[in-house]
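K.L.:
Before I ask anything, let me first share the structure, which is written out below as C-alpha cells.
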Amino acid sequence: SLLQFRKMIKKMTGKEPVVSYAFYGCYCGSGGRGKPKDATDRCCFVHQCCYEKVTGCDPKWDDYTYSWKDGDIVCGGDDPCKKEVCECDRAAAICFRDNLKTYKKIYMAYPDIFCSSKSEKC
C-alpha cells in the first residue's frame with residue numbers, strides 16, 4: 001500500500017516522502033508523462049511500470065507483508081500479487097536511496113506543463 005511504501009522511503013532516505021517525492025519530476029506521484037528529469041524521477045518511472053505489470057490486487061491500497069533485516073527490506077507473505085507490489089516498492093525505495101546525491105529540489109512540485117515531451121514506454 002502507499003502507506004507502507006511511504007514508510008520504506010522514509011527509512012531508506014531519511015526524507016519525508018510526501019513532501020520530497022509525491023510531486024517530484026514528471027513521474028513521481030499519480031500519472032506521469034514525458035521524459036524522466038533525472039535518476040530519481042526515473043525511479044518513479046520504473047516504479048509505475050512495475051505497478052502496471054501487477055495483476056490481482058491493488059498496489060496503492062492493498063497491504064503486504066515485509067520486514068527489515070540488516071537495513072534492507074525483505075518482502076514476504078503468501079499472496080504472490082502483494083509480494084510483487086512489495087518488490088516494486090522495495091526497488092523504488094532503494095533506487096531513491098541510491099540516488100540521493102543527485103536529488104534536485106528544483107524538481108519538487110514540478111509543473112506538469114514541463115513534462116510535455118513524448119512519454120517513454122515501459
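Glycine residues also receive a Cβ, built from the backbone N, Cα and C atoms like all the rest.
As annotated in Swiss-Prot:
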DISULFID  Cys26-Cys115  disulfide bond
DISULFID  Cys28-Cys44  disulfide bond
DISULFID  Cys43-Cys95  disulfide bond
DISULFID  Cys49-Cys122  disulfide bond
DISULFID  Cys50-Cys88  disulfide bond
DISULFID  Cys57-Cys81  disulfide bond
DISULFID  Cys75-Cys86  disulfide bond
K.L.:
If you skip the near sequence neighbours and keep only those at least six away, which residues in the chain come within under 8 angstroms of Cys95 (disulfide bond), Cβ to Cβ?
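P.N.:
In sequence order, Ala39, Thr40, Arg42, Cys43, Val46, His47 meet the Cβ cut-off.
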K.L.:
Determine, to the nearest whole angstrom, how far the Cα atom of Cys75 (disulfide bond) is from the Cα atom of Cys88 (disulfide bond).
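P.N.:
Between the Cα atoms of Cys75 (disulfide bond) and Cys88 (disulfide bond), the distance comes to 10 Å.
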K.L.:
Cys50 (disulfide bond) has how many other Cβ neighbours within 10 Å of its own Cβ?
P.N.:
18
K.L.:
Starting from Cys49 (disulfide bond), work out which of the disulfide-bonded residues listed here (Cys28, Cys88, Cys115) have their Cα within 10 Å, and give them in sequence order.
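P.N.:
Of everything listed, what lies within 10 Å of Cys49 (disulfide bond) (Cα to Cα) is Cys88.
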K.L.:
Please give me the CB contact count at 10 A for Cys49 (disulfide bond), counting all chains in the structure.
P.N.:
15
K.L.:
Measuring CA to CA, name the entry from the disulfide-bonded residues Cys26, Cys28, Cys50, Cys81, Cys88 that ends up nearest Cys122 (disulfide bond).
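P.N.:
Result: the closest of the disulfide-bonded residues to Cys122 (disulfide bond) is Cys50.
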